[in-house]
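Contents: one structure, followed by commentary.
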Amino acid sequence: MTALRIGVLALQGDFREHLQVVSSLGETAVPVRREDELKGVDGLIIPGGESSVMDKLSRTFGLAEPLKEAVASGLPVYGTCAGLIMLADSILDGMAGQQTIGGLDVAVRRNAFGTQRDSFEEDLEVPALEGEPVHAVFIRAPVVETVGADAKPLGTLADGRVVAVEQGNLLGTSFHPEITGDFRFHEYFLAKARARASS
Ligand SMILES: NC(=O)CC[C@H](N)C(=O)O
């Protein structure tokens, strides 16, 4: 089986961790900072970081429109934390003028857990993934406040709040699987990329 070519948006945030995860799973990982680096990728990961900065940089570097086109073309895209915010059709508590790439029919609230719970960890039941609950690490994390008709929740906190969603080839998590050593979400995403590459 030939390795997939997976781009990781490398404008800002913890893109290095995702590049390492993709390589450790046997695929080819490529940092994406320019439009031409998006060409020929079988999937794209948008990392955690600061979504308002990522938004500004993507517009400054002329990547915002190509990213929207990539999503519209059906490219598999996985966003973690700030990356989930970038994929959301609407943001609550965004910075003034903050825009997103969109694609996921959800409204996401930034920094939803407030200062007292800036970072926390919780085990999540994720029925779509086999095996144990997913140990999820949240860092100034967003929450999916509204899931539209086209999107589907994949994982919820014990209090019922949605922190993982999917919609066709798009996948988003509020938390950071790239730092826990449990890469089932990455594998779930790579399966979408593999299916598309071989279709
Ligand atoms: N760990 C993260 O990616 C934090 C997200 C950040 N709070 C934002 O609004 O973009």
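Glycine is no exception: its Cβ is also placed from the backbone N, Cα and C atoms.
Listed in TrEMBL:
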- Cys81: active site, nucleophile (ACT_SITE)
- His176: active site, charge relay system (ACT_SITE)
- Glu178: active site, charge relay system (ACT_SITE)
- Gly49, Glu50, Ser51, Arg110, Ile139, Arg140: L-glutamine binding site (BINDING)
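Positions of the features from TrEMBL, shown on the structure.
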| residue | record | contacts (Cβ under 8 Å, 6+ apart) |
| --- | --- | --- |
| Gly49 | L-glutamine binding site | Gln12, Gly13, Asp14, Phe15, Cys81, Ala82, Gly83 |
| Glu50 | L-glutamine binding site | Gln12, Gly13, Ala82 |
| Ser51 | L-glutamine binding site | Ala82, Gly83, Ile85, Met86, Ile91, Gly94, Gln98, Thr100, Arg110 |
| Ile139 | L-glutamine binding site | Gly48, Cys81, Asp118, Ser119, Phe175, His176 |
| Arg140 | L-glutamine binding site | Cys81, Asn111, Phe113, Asp118, Ser119 |
| Glu178 | active site, charge relay system | Asp14, Glu17, His18, Gln20, Val21, Pro47, Gly48, Thr80, His186 |
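In this structure, Ser51, Cys81, Arg110 are the recorded positions from Ser51, Cys81, Arg110, Glu178 whose C-beta falls under 6 Å of some atom of ligand 1. The Cβ neighbour count for Arg110 (L-glutamine binding site), using a 10 Å radius over every protein chain in view, is 21.
DSSP gives Glu178 (active site, charge relay system) a helix state. Summarising the L-glutamine site geometry, the residues cited as binding it (Gly49, Glu50, Ser51, Arg110, Ile139, Arg140) extend over a maximum Cα to Cα distance of 13 Å. Using the Cβ center of Gly49, Glu50, Ser51, Arg110, Ile139, Arg140 for L-glutamine, the list of other same-chain residues with Cβ within 8 Å runs, in sequence order, Gly13, Gly48, Cys81, Ala82, Ile85, Asn111, Ala141, Pro142. For the active-site residues listed here (Cys81, His176), the lowest count of other CB atoms within 10 A around the CB belongs to His176.
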